Amino acid sequence: MAFNDCFSLNYPGNPCPGDLIEVFRPGYQHWALYLGDGYVINIAPVDGIPASFTSAKSVFSSKALVKMQLLKDVVGNDTYRINNKYDETYPPLPVEEIIKRSEFVIGQEVAYNLLVNNCEHFVTLLRYGEGVSEQANRAISTVEFVTAAVGVFSFLGLFPKGQRAKYY
């Protein structure tokens, strides 16, 4: 199942090893990968800031630490769902391979970039062998749109108000 249809605030479902876990934080989603026995693998800022405060810190971080933690500790007071949303586009690796790859990187410091190498990229790389992030793609599109809009308005600002109509 690519998406957990039984998702609710009270019962997000029982994850299986290799499942992607989407944690809903205020203003963004954090991603982890379920390993089994209540544990997940995820990345967090190197200085060990609690999970609920990592958003602001991660914007300025260039490094992250790969951690194996209890799912309940990563989620904290937030909610989560099982969301293997890329399964139709990228076939998942065998579970044994996902777990082996995950165990290999636990405790390592990795490069981090909010737009090109974030927590969603990290867990999708483990599950599919390819780092993908819809959240980052949306952010990049927003930045591109704002940049283009600023450019247009800056360009229009070069012309006196009366001359602008002549160029349309």
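Using N, Cα and C of the backbone, Cβ positions are placed for all residues, glycine too.
H30 (active site): 26 other CB atoms within 10 A of its CB, across all protein chains. Following the DSSP three-state reduction, the secondary structure of H30 (active site) is strand. Annotated active site per Swiss-Prot: H30, in sequence order.
The active site, acyl-thioester intermediate annotation in Swiss-Prot covers C119 and is backed by similarity to another entry.
As annotated by Swiss-Prot, domain 'LRAT' applies to 20-135.
On the 0 to 100 pLDDT scale, the topological domain 'Cytoplasmic' (1-138) averages 86 in this prediction. The topological domain 'Cytoplasmic' feature in Swiss-Prot is assigned to 1-138.
The topological domain 'Lumenal' annotation in Swiss-Prot covers 160-168 and is backed by sequence analysis.
Under the heading transmembrane segment, Swiss-Prot lists 139-159, citing sequence analysis as support.
Each residue in the domain 'LRAT' (20-135) gets a DSSP state, and the totals come to 38 helix, 40 strand, 38 coil. Across the fold, the C-alpha of H30 (active site) and the C-alpha of C119 (active site, acyl-thioester intermediate) stand 7 Å from each other.
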